[in-house]
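*Asks:* Below is one structure. I have some questions about it.
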């Protein structure tokens, strides 16, 4: 998926991946991370997710990363917030109480840019990327996050041969192969998401599972 693909999707309003409501898995499983008050939380490929406002409401400081300026501006306008906008290198940084969104290439971010984030939340980043970029994404996430951190990861698992992504299928075997080396992976939830996806039903997909994981970085 090239940057132009996602830019065009946002400009055209083709954002079926966007959830208008706060994700239920986030609300149910986020407390398992046991974060300190005012923890900085990285939300990669954040779009204009309502989940960010929920995290702010939990006392977190959200650090979003998003390629599309349209998505970032929509987030703040829909919440009636006027952000302070500054330029930091190749990024435009939109900041308001409890949140900052770095608008630009996620893969160009550094840990110095985003500060000390002790947790991350990924509902729609990993599954948005094809296999080759997923490996690069995991490496970038590890470069951005500190030695002691954890996160909540939500994935989809389905027969990829029946449906062309995004969203892509990220089965447990992929996580075991490419994530488990540096992270302890605990599955905390799973449910059938097939009937909430008209695209999958139309394609004849017979099984679509949403899976929820808590990831904790292994101490070396």
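Every residue, even glycine, has its Cβ placed from backbone N, Cα and C.
OK, Swiss-Prot features for this one:
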- 10, 45, 66, 123: S-adenosyl-L-methionine binding site (BINDING)
*Asks:* Using a 10 Å radius around its CB, how many other CB atoms surround residue 66 (S-adenosyl-L-methionine binding site)?
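*Replies:* Step by step: centre on the Cβ of residue 66 (S-adenosyl-L-methionine binding site), count other Cβ atoms within 10 Å, giving 24.
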*Asks:* Which three-state DSSP class does residue 45 (S-adenosyl-L-methionine binding site) fall into?
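*Replies:* In three-state terms, residue 45 (S-adenosyl-L-methionine binding site) counts as coil.
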*Asks:* Inside 10 Å of the Cβ of residue 45 (S-adenosyl-L-methionine binding site), count up the other Cβ atoms and send me the figure.
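*Replies:* There are 23 of them.
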*Asks:* Using a 10 Å cut-off, grab the number of neighbouring Cβ atoms around the Cβ of residue 123 (S-adenosyl-L-methionine binding site), all chains included.
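*Replies:* A 10 Å sphere around the Cβ of residue 123 (S-adenosyl-L-methionine binding site) contains 25 other Cβ atoms.
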